[in-house]
Amino acid sequence: MTTTQPRVISFSQRLSKWDVKFSPYLYISPFFILFAIVGVFPIVFTAVISFMDWDLVRGSGTFVGIDQYTWILQQPHFWTALRNTFSIFLLSTVPQLVLAIFIATMLDRNIRAKTFWRMSTLLPYVVAPVAVGLIFTVIFADKFGIVNTNLQAIGLDPIPWHSDPFWSHVAIATMVNYRWTGYNALILLAAMQAINRDYYEAATVDGAGAFRQFWSITLPSLRPTLIFVVITSTIGGLQIFDEPRVFDQFGRGGAGQQWLTISLYLYDIGWGQWNFGRAAAMAWILFLIIVAIGLINLLVTRTLLRTEGTRSPVEKSRRKRTQKAVAR
Amino acid sequence: MTVRTSRRTVAAAIAGAATIAIIATGCAPSGDSDAGGTTQLTLATFNDFGYTDELLAEFTEETGIEVIHNKAATSNDARANYFQKLGKSGLADVEAVEIDWFTEAMQYSDLLAPVPDDLKGRWLDWKEAAATDAAGNLIAYGTDIGPQGICFRSDLFAAAGLPSDREAVAELFPTWDAFFEVGAQYTQATGKPFIDSANSVLQGIVNQLEFAYEEPDGTIIATENPDIQDAYNTVVEKAIPISAFPAQWSEDWNASMANGEFAAMLCPGWMHGIISGNAPDITGWDIADAFPGGGGNWGGSYLTVPANGANVEAAQQLADWLTSPETQIKAFLNAGTFPSQPDAYTDEALTGYTNEYFNDAPTGEIGIDRAEAVTVSTFKGPKYFQFHDALQNAVTRVFDGLETPEQSWDTWVTEVSAF
């Protein structure tokens, strides 16, 4: 014969309950408010503008649907820019990773003045991209550049750095490699140092040479880090802007769009032609391209990680060895 | 316990809000306030207008108005800033605009305070005409201009069997045809290019046309304009074979001023400093009082007063003072910015001005002659820069051998059809 009565709680109890419930959200809210203002809002606003013919000065526009998107996809410049971006990306990422692994392996050895060598590899990364551009403009100038004057001095033909698309990509990729190789080398070095030294000792006992050890122990263990490095380089590579922009005096990718990249084209549409509707559409297209490449990366990553998760070659060979030892 | 926590919560919330508020207001301009009873004005320029602190102090002395001078590094920085803030807020009370992007600003002439009627006639006709909008309002105060002469290497001219003193050289270039003829002679005699770049010739020819790519009513005539087609053909056929570079301002171009890669340049007043800076040890440079096919102007700037500024009237006073013939002469002596006010052309400081580097050439006199030889003010619509840039690219493609002249013209036509 009891009636359930609502439990009476004091105000202070209720306050403390709210405190537990809501305070954490309040504490983390500054970041999210800031993120909403400087992160989400611009992205959404860009999407809105991409469907409009936008006048920046008067801050108004008219709705034009997907016209801006179709306009961009019909531009020959867009496709040239896409080709250039991927070409520069490949020319920079592949040699850069090979070189970074090599440098990291060297630094991983027991050498004198370790910190000095490690800091030296990171030095180019500290130099601002624009400064790198200025230095390399002098190196890659067509007539009086350092490379071409040396080539001519030994009787070879000068390289047309600024008129041939391929050579312009090589020059720009060189700037990228100069800046990022050391950075990637240090990340890979950190991963190398985390590899259990027992593996190497065992391998040495087994009579494996340095090259064999590198191929069978170091590389497989680096796989997750390599994947990380590849993904970050991909994103950076697809957004490449500074280096091609400072490659000549105009910064618009060359008279025949030899080294126009997607970001450069996007910038020119926005700030050169003041067409922010088209620039916004372009930004979204670039975003979608990066998402697509990111998904491909993810798929590749998954397959690679799965093979590593079950049996890494190192573990397999070790187990075989133990089995053999036991059998003996 | 509870009370303490919640007080902390409030404090955290306030701190968070304050952070955001600081960030949000961090980039707001802080000028425009009346400090100590004097009005403050902001003035924004780029590169070097010759407006030194001493010069601006003279204005403060006369009027009691203090001037804060902000300089952007390049005209491009100033352009981006200008259009981001025009019509909103944050522009300086007086803003400098370069002629290259002035046509873009003309589209928004309603957002600028017009120049008072009593100042009309202060500037050269074509300088004023270019700043007058469709409604007949003069919307900007002319500062400097770039009257072009011909800079040449007298030593290289002499070596090639051409006349080398400046009066005789000036006789060589009455028309573009004569100019190309001399160029061909020089190239044949020496095996070296005659002029620095093909695109500066294009610039020179296009700046003598009445209409370039657009008509005042907005009709786009770029690809149909026979004058433009002629200009392109002339440059491709006659200028490219005698040019050292496709365009200016590259690393090679800068270096080549000293090592005799070419013998002549189209030379606005502001180019003098660039040549003497790039080739300090060369003694052969000189200037001829001539320009093929009449006068030619290249470059120059204006001052504008955004209509929504806090002190429009005082700002107009400052712009008026800065562009008066007397002040403009001082700016010229400070930074070589050639005056656009005819009244300044009788000033002895200008008429007697000589340039030691260029073999003591009377650059003041030459500039005046060249400025007065300009008769045409090319109509440049809002998209002038885009059209012209694309045409320059077309010339560069031919120069680099990427495309034939016909292909490159067709590429240009396709390109500009998308603008």
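Here the Cβ of each residue, glycine as well, is placed from N, Cα and C on the backbone.
Using a Cβ-Cβ cut-off under 8 Å and counting only residues 6 or more beyond its ends in the same chain, the transmembrane segment (A:25-52) has close neighbours at 61-66, 68-69, 276-277, 280-281, 283-284. What TrEMBL lists as transmembrane segment is A:25-52 (among others).
Taken from TrEMBL, the feature domain 'ABC transmembrane type-1' applies to A:82-297.
Feature annotation from TrEMBL assigns transmembrane segment to A:86-107 (among others).
Under the heading transmembrane segment, TrEMBL lists A:119-141 (among others). Through the fold, the transmembrane segment (A:119-141) approaches residues 103, 107, 147-148, 161-162, 171, 174-175, 178-183, 185-186, 242-243, 245-248 of its own chain, all at least 6 residues removed from its boundaries and within a Cβ separation under 8 Å.
Residues 84, 87-88, 91-92, 95-97, 99-101, 103-104, 107-108, 118, 120-125, 127, 129, 132-133, 136, 140, 159-160, 221-222, 224-226, 228-229, 233, 236-237, 240, 243-244, 247, 254, 258-259 of the same chain sit 6 or more residues outside the transmembrane segment (A:166-191) yet have a Cβ under 8 Å from a Cβ within it. According to TrEMBL, the transmembrane segment annotation covers A:166-191 (among others).
Per TrEMBL, the feature transmembrane segment maps to A:222-241 (among others). Sequence-distant contacts of the transmembrane segment (A:222-241), counting only residues of its own chain at least 6 positions beyond either end whose CB sits under 8 Å from a CB of the stretch, comprise 85, 88-89, 92-93, 96-97, 100-101, 172, 176, 180, 184, 187-188, 190-192, 261-264, 267, 286, 289-290, 293-294, 297, 300-301, 304-305, 308.
Listed by sequence, the residues of this chain that lie at least six past the ends of the transmembrane segment (A:281-300) yet keep a Cβ under 8 A from its Cβ atoms are 46-47, 50-51, 68-69, 71-73, 78, 82, 227, 230-231, 234-235, 238-239, 262-263, 265-266, 269. What TrEMBL lists as transmembrane segment is A:281-300 (among others).
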